[in-house]
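> Please read through the structure below; I'll follow up with questions.
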């Protein structure tokens, strides 16, 4: 397990701090890179506060999926908003929430989804952060808004240009 990593220069209370925990061994994780992408996503949403981004194995995410979502089996990403939608009014730190990503599930989905494992992980990090900030995809209108926001963030803060030709946000497209 890697030590938690926070991007440098985000100590001011109006900023975002992302702590990355790597609790899996399936895929090598570039913790500073994913922390920076999560921080960019949260800043783009106007957030300030702390977020934990945790990478886990398939068994761990399956247990979390069962416990919190009532669904059996592993999934790619889970989000747990805390103070993001109702921040404290006192000087307490704002705990935005937790995003949990399973690289093993991402690796399986990548060829038919985002195209590469790297792009799949980037999409999941952004997707999870947007859920923490209140975005959802329960109906077609919400889905369209969330997908557009994912592309905006990935284009600006990940690819620094248009999406690669093979990138897809939804499986089966």
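Going from the start of the chain as shown, residues are counted 1 onward.
Using the three backbone atoms N, Cα and C, a Cβ is placed for every residue, glycine included.
Pulled these features from TrEMBL for this protein:
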BINDING   127, 131, 137  Zn(2+) binding site
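Can you tell me where each of these features sits in the structure?
When secondary structure is read from DSSP and collapsed to three states, residue 137 (Zn(2+) binding site) falls in the coil class.
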> Quick one: of 127, 131, 137, which of the binding-site residues has the smallest count of other CB atoms within 10 A?
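Each of the binding-site residues 127, 131, 137 was scored; lowest Cβ tally within 10 Å is 137.
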> Which are the residues of the chain, 127, 131, 137 excluded, whose CB is within 8 A of where the CB atoms of the Zn(2+) site average out, their centroid?
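Going along the sequence, the neighbours appear as 77, 79, 128, 130, 135, 136, 146, 150.
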